[in-house]
Amino acid sequence: MPIMGSSVYITVELAIAVLAILGNVLVCWAVWLNSNLQNVTNYFVVSLAAADIAVGVLAIPFAITISTGFCAACHGCLFIACFVLVLTQSSIFSLLAIAIDRYIAIRIPLRYNGLVTGTRAKGIIAICWVLSFAIGLTPMLGWNNCGQPKEGKNHSQGCGEGQVACLFEDVVPMNYMVYFNFFACVLVPLLLMLGVYLRIFLAARRQLKQMESQPLPGERARSTLQKEVHAAKSLAIIVGLFALCWLPLHIINCFTFFCPDCSHAPLWLMYLAIVLSHTNSVVNPFIYAYRIREFRQTFRKIIRSHVLRQQEPFKAAGTSARVLAAHGSDGEQVSLRLNGHPPGVWANGSAPHPERRPNGYALGLVSGGSAQESQGNTGLPDVELLSHELKGVCPEPPGLDDPLAQDGAGVS
C-alpha cells in the first residue's frame, strides 16, 4: 500500500476508533446514570455498546497493525485477525436479542415482565459472548492457512523461520469467511431479524386497527403501542445500518472465493469496505440521540455537567424528578422522587422526616409511591413548594412511556 494511502487509512481508522469509544462510553454512562434507561432492552444495548467500544480499543488497532503485513507467528497473527470477528458476532447476537425482546413486548405484552427478566437477560448476554468467542476464534482451532504458508511472500517481508507475513487473507481461509462466518453466522441472523421486525410491524398495525374499530379505544394503550412501534423502528434502523456497513466487505469476500480467476478487488476498495465496517461502531449513539428522547436528554446532561462543567438548576419536573400527590383526610401529602438518589435515604445514610407545612402539605422522598418517615432531617437541602402550585395537580400513574426508556421516559 502506498505511504500516502496508508497514512490516510490509519488517520481515518484512528478517528473512527476515538468516536466509537467516546460515543459508546456515553451510551453506557447514560444507562448507568439514568434509572429510566435501566431496563432489559437496554441491557442488550449496553452489550452492543461494549462490543463497539472494544472495536475502537482493540479491533481497529489490530486492523491497522495487520495492514502492515508485519512478521509474526501464525497463531498470533490469527488471533489479531479473528478478534474483530468475535466483536462482529457479539453485535449480531445483541441485535437479534433486541429484536426478539421487542417482538415479545408487542405480541404478548401482558406476559413480557414474567418472561423477560433482568436475570435472564444477563444470562443470555453471557451466552452470546461465549458463543461469539467460539465462532470468531474457530480458525485458531485448525481451520486456517498456517499449514500452507506462502514462502515467497514471507521471504519478501523478511520473515524468519516459523513466522508469516501477517495479512488477513493469508492466514484466515476464505471458505471459513464465506460459508461459516458470512452465510451461517451473519446472513442467517440478519434474515431472522428482518422476519422478526416485519412481524412486529404487522402485529402492531393489526392491533392499532382493532383499537380504531373499538367504540371507546383506550388512549393510554394506543399511546403505549405507538411508542413500542417507534422504538422498534429505531432498532430496525440500527439493524439496517449494521447490514449496510458490513455487507460490502462480505460481498467482496464472496467474489474473491467464488471467482478465483477474476481480478482481485483493488486495495483501495478493500480498505474502504473495512473502514465502512468499522464505522458501524460509531453510528448507534447518534441513532439513540436522534430517535430516543430519554437518551438525548441524558447525553445533554452528561455533556453539560461533566464536559462543559455547567451546573444545572434543580427542577422538580421532567425526567429527573416526578411529583406524586397522595390525597388524605387531613390534607394532601406531596412526595418528590429524584432519579440518581436512593429513595427515602439521605446522603449520610439517615432517612428523611417529612416536614409538615402550615398549609397542610408534607414533603418527603418516596419509594414505590409511599412516604418514608424516620428521625432526622439532615442531608439533601429542603425543597420549597407553594400551596398554589399544588392546586389541581392530578398526575398520571407511572407507566411505560417507551420500552427503551421506561418509567416516565419518552421518545421523539
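Don't overthink the numbers, they just go from 1 along the chain as shown.
Keep in mind that glycine also has a Cβ here, set from the backbone N, Cα and C atoms.
The following features are taken from Swiss-Prot:
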- 1-7: topological domain 'Extracellular' (TOPO_DOM)
- 8-32: transmembrane segment (TRANSMEM)
- 33-42: topological domain 'Cytoplasmic' (TOPO_DOM)
- 43-66: transmembrane segment (TRANSMEM)
- 67-77: topological domain 'Extracellular' (TOPO_DOM)
- C71-C159: disulfide bond (DISULFID)
- C74-C146: disulfide bond (DISULFID)
- C77-C166: disulfide bond (DISULFID)
- 78-100: transmembrane segment (TRANSMEM)
- 101-120: topological domain 'Cytoplasmic' (TOPO_DOM)
- 121-143: transmembrane segment (TRANSMEM)
- 144-173: topological domain 'Extracellular' (TOPO_DOM)
- N154: N-linked glycosylation site (CARBOHYD)
- E169, N253, S277, H278: adenosine binding site (BINDING)
- 174-198: transmembrane segment (TRANSMEM)
- 199-234: topological domain 'Cytoplasmic' (TOPO_DOM)
- 235-258: transmembrane segment (TRANSMEM)
- 259-266: topological domain 'Extracellular' (TOPO_DOM)
- C259-C262: disulfide bond (DISULFID)
- 267-290: transmembrane segment (TRANSMEM)
- 291-412: topological domain 'Cytoplasmic' (TOPO_DOM)
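When the Cα atoms are compared, C259 (disulfide bond) and C166 (disulfide bond) turn out to be 24 Å apart. Proximity of distant same-chain residues to the topological domain 'Extracellular' (67-77), defined by a Cβ-Cβ separation under 8 Å and at least 6 residues beyond the stretch ends, is recorded for 1, 6, 9-10, 140, 144, 146, 149, 154, 157-160, 162-167, 171, 271. When each of 121-143, 174-198, 267-290 is checked for Cβ pairs under 8 Å to the transmembrane segment (8-32), 267-290 comes out on top.
When the alpha carbons of C77 (disulfide bond) and E169 (adenosine binding site) are compared, the span between them is 11 angstrom.
Proximity to C74 (disulfide bond), judged by a C-alpha distance within 10 Å, picks out C166 from the recorded positions C159, C166, E169, N253, S277, H278. Counting residues of the topological domain 'Cytoplasmic' (33-42) by DSSP class, helix then strand then coil, yields 7 helix, 0 strand, 3 coil. Around H278 (adenosine binding site), a 10 Å sphere centred on its CB holds 24 further CB atoms from the protein chains shown. Counting only same-chain residues 6+ beyond the ends of the topological domain 'Extracellular' (259-266), those with a CB under 8 A from a CB of the stretch are 252. Here E169 (adenosine binding site) comes close to T256: these same-chain residues lie at least six apart in sequence, with C-beta atoms under 8 angstroms from its C-beta. Cβ neighbour density within 10 Å is lowest for C262 among the disulfide-bonded residues C74, C262. Note on the topological domain 'Cytoplasmic' (199-234): mean pLDDT across this stretch is 80. Neighbour counts of Cβ atoms within 10 Å were taken for the disulfide-bonded residues C71, C259; the minimum is at C259. Taking the C-alpha atom of H278 (adenosine binding site) as reference, the shortest distance to any of the disulfide-bonded residues C71, C146, C159, C166, C262 belongs to C166.
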